[in-house]
Amino acid sequence: LSQDPMDFEWSYWIEWGRERILWLLAGHLLVSQVSRLLVEKYKPWCLMIYGMAACWLLLGIKGFAVILLHATISFAVAQFQLSLLTWLCSLILLSTLRIPAVEEAKRKWYDTENEYYLLLFTVSVRCLFCTSFSLEYCWQGPAQKSFHSFLWMLAYVFYYPMFHNGPLMNFDEFSKQMRRKEAFSLKTNLSILIVGLIRIFFWWCLAELMIHLMYIHALYSSGQPLEAASYWALGGLALAQVLFFYVKYLVLYGVPALLLQMDGLKPPALPCCVSLMHSFTKMWRTFDVGLHRFLVRYIYVPMGGSQSSLLGMLFSTALTFAFVSYWHGGQSYLWYWGALNWLGVIVESGVKRILSISLIQDLI
């Protein structure tokens, strides 16, 4: 059977995975287990060196230099310990990915478009990691200074399982867990690995079946079948697409999550099944847990969040969705997507507030 070629993300990461990334992840696993067994104290630095070497190998010296430059600039700006300045630096660094002249120059570094896109995706995700470290640096006390050194930033930014596509783990969680000393059992880790690989293989088979049999994305890219379809069929297609998106991310986040477990870290929870969702708020909380924690910790809460007035809550939620839309690429359809999600969350929040009034509860 021929497969549906229209889901770029799945085809792209599966191709890279088969070619190089899975082998590099296997190398990380080997380095991690040997360092845990022999030099537990130096594990973060062993993994940092491996991540830097893997980055150099995959993205070349110029790609490696770009990521190192982003980390260095972020760390230098963080020295002022001003959150607003750190955010300004992060947004400027993110905006450099959208400058046509810079894009063209980076394209010339590589033989294929796929290699350029790998750099683009990696730098986009690294921007979030640099932002997390820098903001934690701004908020840290003098006692925590040694755990917020440039070396720790490099260990965090170049940690390979989360390097190209996430999932996202905030620096405060990463550093606490990486410093934690715990008993190491090769037998326990082996059983975690075997069970994890079986689960990921099952999810991968399911995703491949969906892409070979359902042709959801091919149907979406052609206007004629959509115009001819009934509303029930369109609803079914929409459900099929989000279900494939869910299964896809079980694989794309499942592989790094398994490696995080093998490293003695607790990964963000994998996406929750979209068929169980009935609210925008729950969808945002449970689909990409790492991104949700980032947004809440660094944007929503500092801007007032649910503790502020109604207008303050509206503004902090709007700012959160504006950042998500901009980080994903900032195209016009992403702004519409962000605005509709913001509206969904606001309506839900408003209805909840109305239903919490005692008079309304009595009526119900």
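Each residue, glycine too, has its Cβ placed from N, Cα and C.
In TrEMBL, annotation is done automatically, which means it is predicted and not curated.
Because the structure is a prediction, the values reported are computed rather than measured.
So that you can see what the record holds, here are the features copied from TrEMBL:
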type	residues	note
TRANSMEM	20-39	transmembrane segment
TRANSMEM	46-69	transmembrane segment
TRANSMEM	75-95	transmembrane segment
TRANSMEM	116-135	transmembrane segment
TRANSMEM	147-169	transmembrane segment
TRANSMEM	190-211	transmembrane segment
TRANSMEM	231-252	transmembrane segment
TRANSMEM	310-328	transmembrane segment
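The stretches the transmembrane segment (147-169) and the transmembrane segment (116-135) are in mutual contact, each linked to the other by at least three Cβ pairs under 8 Å (pairs 6 or more apart in sequence). With respect to Cβ pairs under 8 Å, the transmembrane segment (75-95) is most closely packed against 116-135, considering the stretches 20-39, 46-69, 116-135, 190-211, 310-328.
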